[in-house]
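Okay, structure first, notes after.
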Amino acid sequence: MYLEKLSLTDFRSYAQVDLTLEPGVTVLVGYNGIGKTNLMEAIGYLATLSSHRVSSDAPLLRFGTERALIRAKLVRGGQSTVLELEINGSRANRGRINRSNPVRARDILGICQTVLFAPEDLALVKGDPSNRRRFLDELLVSLMPRHSATRTDYDRVLKQRNALLKSGRSGKFTAGHEATLDVWDQHMARAGAELLYARLELVERIRPHLKAAYAQLTDGSKEADAIYRSTLQGILDDDGAGAGYAAEPAAVERVEDLRALSVEELTQRYVQAFAASRRKELERGISLVGPHRDDVELILGEAPAKGYASHGETWSMCLSLRLASYYVMLDDARTGGSAPILILDDVFAELDVQRRRKLAAIVSGAEQVLVTAAVDADIPDELAGRRVKVVPGGIDESESR
């Protein structure tokens, strides 16, 4: 798959901009703050319905406007698809496929597939568990769009259950509330089990690719790995942080391997866990058990990457996670899926020469690679390709080559 045309209206700094692209490598060059990342952000948003920079849609709308429009023409196997996504400030976002009648935004998921590398990726290692959960869920939805509904259902039930728990904290909890909480426990157990089962499967798909990617980017002296940590295993504390599992491998060996359980069995585990934690949850007014508090522990050698990896090792781990997601998507592409568009947003400026060259050599063979840089000198020779000059408010075609 490759992106042939991109058009933005009232998105971020752009009142209107049109960009024509082609397969292979395209490097967008322009000084910092000119709007290169805004272009890449729009493509990523079209693929995931979320920004890698902000948590809400409001900053995506050009100041003083009520809506933004992203329009893209994608080509796959000689067939073209036109996607439109309207981002609204006051109502639900809407999409269009080949100029159809409007559809829900989530109905366009899975059509445009991207893997986006950005400086913000450092949070995958250094940040809190929510960054790693988001990484998993975005990849999950890209591979299987139906899981967007799975996550939406879980978030809806979690919100309702938390509201009920808060009423208990305020002293308004009655026998009727207890019965209602039992019902919400069942709903949340089922929704949580479906999400957990999908995440566990995905992590197992990621792991071999993560190890291979890290070996490609480094000298191979350390091995990278990823292990899913669930609140069902009792090794996360009440704030979702690891309760010493990295320092106590013997304790980890004793925890239940959830990968062997079915959705039905995971549902029952959640029902039991909710019952066991009810008193504490009522005291705190929040749900303490569930996928919303899980983590993915990233391992480098024998130690957790977070807190132990050097700056260079942290970057290698982040890049390896993104490459692993790319390889997982390629696995699907071989059985009817689409090869994703690779986006490298201001990444090379953050890397030493060795990592630049190794990363460039790995990604250069992708069907389409979009790179942003402040100066040409940041781009390794392995990524020779078309250059596009980004200027205030748009593209300078006369300077592009």
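Note: Cβ is positioned from N, Cα and C throughout, glycine not excepted.
Marked as ATP binding site by Swiss-Prot on the basis of sequence analysis: Gly30, Tyr31, Asn32, Gly33, Ile34, Gly35, Lys36, Thr37. Taking a C-beta cut-off of under 8 angstroms and a sequence separation of 6 or more, Lys36 (ATP binding site) has the following same-chain neighbours: Leu28, Val29, Gly30, Asp345, Asp346, Thr372, Val390.
Listed in sequence order, the residues Thr372, Ala374, Val390 complete the 8 Å Cβ shell around the ATP site centroid, once Gly30, Tyr31, Asn32, Gly33, Ile34, Gly35, Lys36, Thr37 themselves are left out.
The secondary structure of Thr37 (ATP binding site), as reduced to three states from DSSP, is helical. In the three-state DSSP scheme, Gly30 (ATP binding site) is classed as coil.
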